[in-house]
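Visitor: My structure is below; once you've seen it, I'll send some questions.
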Amino acid sequence: MVKQVFNFNAGPSALPKPALERAQKELLNFNDTQMSVMELSHRSQSYEEVHEQAQNLLRELLQIPNDYQILFLQGGASLQFTMLPMNLLTKGTIGNYVLTGSWSEKALKEAKLLGETHIAASTKANSYQSIPDFSEFQLNENDAYLHITSNNTIYGTQYQNFPEINHAPLIADMSSDILSRPLKVNQFGMIYAGAQKNLGPSGVTVVIVKKDLLNTKVEQVPTMLQYATHIKSDSLYNTPPTFSIYMLRNVLDWIKDLGGAEAIAKQNEEKAKIIYDTIDESNGFYVGHAEKGSRSLMNVTFNLRNEELNQQFLAKAKEQGFVGLNGHRSVGGCRASIYNAVPIDACIALRELMIQFKENA
């Protein structure tokens with residue numbers, strides 16, 4: 001029986017132990033209510049305090065300006081692929097997309113159903129091994145927005161910085177790297193992120209949106225799919241995912257206790273360096289997928305010399321308590337997802353496994 005598990009799952013992923021222990025302690029009696037937080041009315045003061053605390057912590061940690069609204073929605077980032085063009089892609093405008101992997105492809109696919117689209121840049125030709133140079137972006141005067149995916153979990157690439165554009169709002173899917181580093185929110189018209197990688201459990205999607213961008217009612221769009229509905233109701237138009245938001249609050253408290261975005265970024269850089277150095281020093285035994293200038297701090301993707309070795313390595317890893325190291329089903333190989341809550345000890349243990357496996361191969 002495995003005594004310790006190292007969780008490298010790509011999502012849902014590792015959660016901070018202090019956040020889980022807090023939930024365990026409060027599960028049956030939240031704030032002396034004699035009820036679980038899951039049992040509270042979303043209109044009650046006890047829950048509304050949690051809701052507000054989560055918003056305030058996120059605003060503090062990301063230094064979100066006051067002219068931006070924080071929304072807690074449902075449906076994952078995948079629903080945002082549809083909601084975004086429904087609300088912004090009006091007649092005569094173009095939804096402009098930068099393709100850096102499968103998730104940006106899916107976002108573009110949904111937008112095509114709703115209006116005119118354009119591919120600003122793509123690295124599909126090189127198997128999504130890199131982020132395109134900003135100078136290659138093809139922009140249009142009538143762009144409704146420019147959409148990017150900040151981190152690409154399947155291919156292990158990440159924007160090291162972000163384009164500064166003035167002609168249209170920059171929209172970012174940050175599902176897999178939000179709050180992994182400091183961020184200038186005012187560079188973006190909107191940021192959205194499913195919580196289940198860096199912010200909490202699955203069930204809640206965080207949207208950070210400039211108020212003047214999406215607070216106007218859009219004709220012919222169903223009420224629940226209008227951002228204006230949720231801005232006006234402070235994400236309480238219908239019953240929100242209360243427990244997921246409660247856990248989000250716990251995780252944000254944990255990040256604050258660690259020292260915030262700058263501290264977590266330093267820790268993430270250290271974790272990624274441990275694994276990337278092991279790959280680079282292996283004399284080709286391990287081969288990274290992403291080009292060095294585009295490497296992700298969240299998802300380290302790599303292969304061994306052949307598929308037989310890949311499978312042997314993954315089997316050995318599983319035997320020793322490593323969970324979630326299989327690459328995405330669409331590309332294979334190996335992937336270590338090292339989101340905020342993955343401890344540095346897990347990365348050190350993975351390095352030792354990789355070195356040991358190479359020596360014995």
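Heads up, the Cβ atoms here are built off N, Cα and C, so glycines get one too.
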Visitor: Looking at pyridoxal 5'-phosphate binding as recorded in Swiss-Prot, which candidate out of Asp133, Asp173, Asp177 goes with Ala77, Ser78, Trp103, Thr153, Gln196, Asn238, Thr239?
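Guide: The record-listed residue among the candidates is Asp173.
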Visitor: Any idea what the Cα distance is from Trp103 (pyridoxal 5'-phosphate binding site) over to Arg43 (L-glutamate binding site), rounded to a whole Å?
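Guide: The Cα atom of Trp103 (pyridoxal 5'-phosphate binding site) is 35 Å away from the Cα atom of Arg43 (L-glutamate binding site).
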Visitor: Using DSSP, would you call Thr239 (pyridoxal 5'-phosphate binding site) helix, strand or coil?
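Guide: Thr239 (pyridoxal 5'-phosphate binding site) sits in coil per DSSP, no helix or strand.
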Visitor: Max CA to CA distance in Å over the pyridoxal 5'-phosphate-binding set Ala77, Ser78, Trp103, Thr153, Asp173, Gln196, Asn238, Thr239?
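Guide: Value for the max Cα separation, rounded to a whole number: 31 Å.
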Visitor: Who sits close to Asn238 (pyridoxal 5'-phosphate binding site): which same-chain residues at least 6 apart have their Cβ under 8 Å from its Cβ?
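Guide: Correct list: Met224.
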Visitor: Give the residue from the recorded positions Arg43, Lys197 that has the most other Cβ atoms within 10 Å of its Cβ, counting over every protein chain displayed.
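Guide: Counting Cβ neighbours within 10 Å, the top one is Lys197.
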Visitor: For the binding-site residues listed here (Ala77, Trp103, Thr153, Asp173, Thr239), which one has the lowest count of neighbouring CB atoms within 10 Å of its own CB?
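Guide: Thr239, out of the binding-site residues Ala77, Trp103, Thr153, Asp173, Thr239, has the fewest neighbouring Cβ atoms within 10 Å.
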Visitor: Could you give the Cα-Cα distance between Ser78 (pyridoxal 5'-phosphate binding site) and Arg43 (L-glutamate binding site), in whole Å?
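Guide: So the Cα of Arg43 (L-glutamate binding site) lies 27 Å away from that of Ser78 (pyridoxal 5'-phosphate binding site).
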